[in-house]
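*Asks:* Take a look at what Swiss-Prot says about it:
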{"type": "ACT_SITE", "residues": "ASP12", "note": "active site"}
{"type": "BINDING", "residues": "ASP12, ASP146", "note": "Mg(2+) 1 binding site"}
{"type": "ACT_SITE", "residues": "GLU73", "note": "active site"}
{"type": "BINDING", "residues": "GLU73", "note": "Mg(2+) 2 binding site"}
{"type": "ACT_SITE", "residues": "ASP146", "note": "active site"}
{"type": "COMPBIAS", "residues": "192-203", "note": "compositional bias 'Polar residues'"}
Amino acid sequence: MNHEGLRVMGIDPGLTRCGLSVVQAGRGRTVYPVSVGVVRTPPDAELAERLLRLSKAVGEWMDEYTPDVIAIERVFERGNVSTVMNTAHAVGVLILAAAERGLPVHMYTPSEVKKAISGNGRADKKQMTVMITRILGLGEPPKPADAADALSLAVCHCWRAPMLMRAQSQYSEQELEKRRRVQQGKLGKAKSTYNAEQAQSHASDPAKAAHPSQFQRTDTN
């Protein structure tokens, strides 16, 4: 399936720093960078205020660059509980911002992104930065690391989009076939029930057997 022209917004979620990027798919595996940046919120501010700032900033990006889909890193961390919770709060705000605009969201684990970009699911940040700089033909490495991660997420989705679209198409076809079979089964069951009721009715009242139901149809020449 052709995904040329697909515009993807990649987001590396975080409450203190949230990496944002927008790329556009070209032919084959070609991807063009559109924009990249980082949204920051003050650590000493109230949680609600920080989430509000993040929501507004991300919403402005979505409205300005009009992406077709959002790619977000899945929270997959066993570090500081407070950091993990803050990141989870940020992810919720990001998904809500996308939902308010009717934008689909796809989430990827860090290892999935690393595998897609570098071929190594355990690549370090330096390797990832080198690869994303080369893939997008950037004049210099994107900084900070959150920006590079956001670009990697967006490119990862661009490359996986054709596979996802094929899978979705196959799933839709399978669902349609499944529904068709269910409907046929229901229709067959309804016919069997109706015929059984008619037979029972005729057996209990011979007069009805001599006079077909008004719902029966007779073809005449």
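Glycine is treated like the rest: Cβ placed from N, Cα and C.
How buried are the listed features, and what sits near them?
*Replies:* Applying an 8 A CB threshold to same-chain residues 6+ apart, the list for ASP12 (active site) reads CYS18, GLY19, LEU20, GLU73, ASP146, ALA147, ASP149, ALA150, LEU153.
Note on GLU73 (active site): other Cβ atoms within 10 Å of its Cβ, all shown chains, come to 25.
A sphere of 10 angstroms centred on the C-beta of ASP146 (Mg(2+) 1 binding site) encloses 24 other C-beta atoms.
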*Asks:* Under a three-state reading of DSSP, tell me whether ASP146 (Mg(2+) 1 binding site) is helix, strand or coil.
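*Replies:* DSSP call for ASP146 (Mg(2+) 1 binding site): helix.
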